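To keep things clear, I will list the structure first and then write my remarks on it.
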Amino acid sequence: MDYGLTRNLQIRSLLKIIYILPTVAYGQLLPLKETKYEEHVVKGVRDRSVLLPCGDAASPMVVFWSFTKLGSDIPRAVAISNGVESKVERGSGVLGNVTLDNSTLEIENLKTAAEGRFLCQAMYGEEDEIKVVYFYIELIVLVPVSKPFLQMNNSTPVEGMPVVMTCTVKEGTPPVTYSWQRYTNRDGTVSVAETVEGLLNLTSSNRTQMGWYTCTTQNEVNSQTSDRMYLDVIYGPDEPVISVEPFAVNQHGFSANEQEEVILTCLASSNPPSHYIWFYNSSQVYSGQKYVITRISRTQTGIYTCLAQNMHLNTRTQTAIILTVYYLPKGKPSCTPLPATNFQDLALRCSWQGGFPPVRLRWLKSRWGGNSTATYSNATQIHHGKDVRNGTSYICLASHPALRDETICRTTVWVPGGNPICSAVATKQNEFLMLTCDWAGGEPRVTLWWRDWKDHVLGGLKQSHNIFVMKSNATLGGKEFTCVAAHPLLTRATECRVRLGKQMRTVPLGWGHSSGA
């Protein structure tokens, strides 16, 4: 060591310390009175700076720093100062960039070789006495943990296979702790619990463990996180699920209305994503996840099957649905009132034949009474004629899956005013006799039939207009014929009569009147 700086020391100080300087220079202790001894532990971080104070001695005359590395008993000089100027030993560069400011030793760019025992010996004068302070510092050099390196033994396992991830660091002062994280778009970043220090062991990988993995290491200096790695678990396909738009279900599966746009969507969870093939009644019709039928028809009712394939694993699954196409019958519902029970009752008949499923029909009375039970394709409701008011309206409601709203069929029952008009006319020189009876209007229309003088029915029953033609003969002269008119809203039948002349040369007109049938 170069002791040349002692030439600049003040003469008075030099005389006081000259006799002890050789001893100090070799790190030996002087047996002086009131000597102070202190010991401390200081931690520094490699490549950073650390300050080593020499106690609380103020303006010492001489400060001498020495260093003893770990495993050695030989101290090495580091720096010396006389309070005015200082000098650093050339070999101290192995410790870092060493400077001495007054009595404090500063080491920048700290090296791991600086870990060991530092001794500061400070001498100062007090009342013409030389006092010495010995300040021992145990310097621990901490090494920051390096960026960890993440490895996987298999980054694309098939579901169920084991996966081992390792996290390693090149350096870092122990203890070093390890933590694992997984990131997905759905869950964000979550901690992974199945770890033992730098080892993550997934004994049976599954799809829920897919994601970006990182490892974070930490010691008392710092923490570092590795680059991320993606665990891509191969699986599937699961059993497909078919959805139908617009959504409508029945007891067999799904339904759609004719002429609607129908979208069939198949979803089978798989990695990589499934490849889809559609079949209609066992015939392939489309390849893709969504099968769109722009205007479905009744002929497309049947079984639709979705086949899902994982092309990587060469695995497949399938599922099928029954799709029923509903359609309306042609035309509109018809409402018809008819006489029943020998004209004593009124039968309301509503009909709309065809379609699938059959149309539901029910009668709804407009002002009196309640609704009837719904039936399919035909709906009949019976009312006692005497209980029905003239001019009463009835409504038949038709409902069907293909109808947005119920369709209405309306009818009003009424009996025409007046009476039947009847007449008899001889034709072709009295060869034939034509009996005519008329009573127009009504709903249902009035039923007319002819009777002879023996109360025998002539011909058949006809509505509104009844003509009966018979051969003339001499025996018909003076005979009476009756036209009977019946309607459910009439409490009794109405009649009109005609009587033939004895010579059958003239046929008088007859006007109806109410009488027993």
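Placement of Cβ uses the backbone N, Cα and C atoms for every residue, glycine included.
Secondary structure of the domain 'Ig-like' (144-232), assigned with DSSP and counted as helix (H, G, I), strand (E, B) and coil, comes to 3 helix, 44 strand, 42 coil. Marked as domain 'Ig-like' by TrEMBL: 144-232 (among others).
Positions annotated as domain 'Ig-like' by TrEMBL: 240-324 (among others).
Sequence annotations record features per position, and here TrEMBL assigns domain 'Ig-like' to 333-409 (among others).
The domain 'Ig-like' (416-499): residue composition by secondary structure is 3 helix, 47 strand, 34 coil, according to DSSP. Under the heading domain 'Ig-like', TrEMBL lists 416-499 (among others).
When the stretches 144-232, 240-324, 416-499 are ranked by Cβ pairs under 8 Å to the domain 'Ig-like' (333-409), first place goes to 416-499.
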